[in-house]
Amino acid sequence: MTCRNSAIDSIEEGEKRMSEALARNGETAVAPGLSDFMPGGVLSPEPDSRVNLIGQDRDGLTALVAEMGEPAFRAKQLYHWIYMRGAKNFADMTNLSKAFRAKLEEKFRLDRPRISAHQKSVDGTQKWLLRYEDGNEAEMVFIPETDRGTLCISSQVGCSLTCAFCHTGTQMLVRNLTPGDIAGQVMLARDELDDWAQTEEAGRKVTNIVLMGMGEPLYNTDNVMAAMRLVSDGDGIAIGRRKITLSTSGVVPDIQRVGEELGLSLAISLHAVRDDLRDKIVPINRKYPIAQLMETVKGYPGLTTSRRVTWEYVMLKGVNDSDEDARTLLRLMEGIPSKVNLIPFNPWPGSEYECSDPARVESFLAILHRAGMVATIRKTRGQDILAACGQLKSESQRIGKRERDRLASIRAEKEAAVGL
Ligand code: SF4
């Protein structure tokens, strides 16, 4: 899928860009309103051998409670404390007996991912680099808006795929995140934002989830679905399924399943309207070409004019941004309740693309609008921590041959691994 922050692959890189942007403006590295780089918690020197309950569903908790010789309703209570109340330790579970709490403490823990680094933008956007127990790291971003708060979460460490405009695509896949790793991101965000209010009416901050961080969710479908069951359960974290958007680069075989089993909102990273171009910039297209993708999306359950598929389209100068491209896009979407999200490209070191000129983006948008299509240009948020389109042009030109060769070999290895 298209990373919201696809131009940045590490907090360190974001820090570097932030410093450079500030330096260009003649400012110091610490600007008023920007939080300092904040190191996270210290990793425990001793691995904790107790089982982490984060990620266990009702059945899992019921089985564990039964093994302890406790009645089944204890599992229900535990589930409520973990996922509805956000308890971080068993001592807080005051309607459980002291003896049971002590037994739980002995065998289990309730660990979220740790925070390796945290940045907060002047516009309120926050970004966390999260560290899992095995030392692997993934990113999470919170984007507050007037009418909603969107949390962008990761599904893999690295990514299976090699989308040419995406910096995460240059990283090897390290591992799939587990259901606990994924749901743990949402729970950590609630901890950090003091957001365990149960409803939006009660002032909940995280109202929407987008699976647009690191990774292709449909190359980790089972774990993503298990996590989203937890996140959407009304007796738990309770974020409605329509408010959860799964974004895929077009892994066709699992798209239908997401709709049938969970009814999540769907976004497709399209980015090109011709197979010859999409084969290059979204290489999964070689396996699942545009016509097949469109047919599959057409059959996605529950699409209506009030529930549209989102087509993500990164604007690449002189590559995919012509008026003809816009008209072809309209033809492709015929018969599919759709909205289009145009994404100004953020160049990164080694990327071969530039962002389309603003006038070109506007012209593309106008063609969509004239045809009655719902279409927007993605707002740049967290510019000071995520870098703006065009800021890194000089760096992108500086990359050496050795680095280019290294990226090419990573790409070849990854594409072979997924059969491209
Ligand atoms: S699928 Fe992977 S490479 Fe493609 S945009 Fe998403 S994170 Fe990047």
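Heads up, the Cβ atoms here are built off N, Cα and C, so glycines get one too.
Residues Gly215, Glu216, Ser269, Leu270, His271, Asn346 are given by TrEMBL as S-adenosyl-L-methionine binders; from Ser247, Ser306, Ser322, Ser409, that same site also lists Ser247.
Checking the binding-site residues Cys163, Cys166, Glu216, His271 for a CB within less than 6 Å of any atom of ligand 1 leaves Cys163, Cys166, Glu216, listed in sequence order. Classification of Ser269 (S-adenosyl-L-methionine binding site) by DSSP places it within a strand. For the pair formed by Leu270 (S-adenosyl-L-methionine binding site) and Cys163 ([4Fe-4S] cluster binding site), distance between Cα atoms is given as 11 Å, rounded to the nearest Å. Per-residue confidence over the domain 'Radical SAM core' (145-384) averages 94 (mean pLDDT, predicted model). For Ser269 (S-adenosyl-L-methionine binding site) paired with Cys163 ([4Fe-4S] cluster binding site), the C-alpha to C-alpha distance reads 10 Å. Counted over every protein chain shown, other Cβ atoms within 10 Å are most numerous around Ser269 among the binding-site residues Ser247, Ser269, Asn346.
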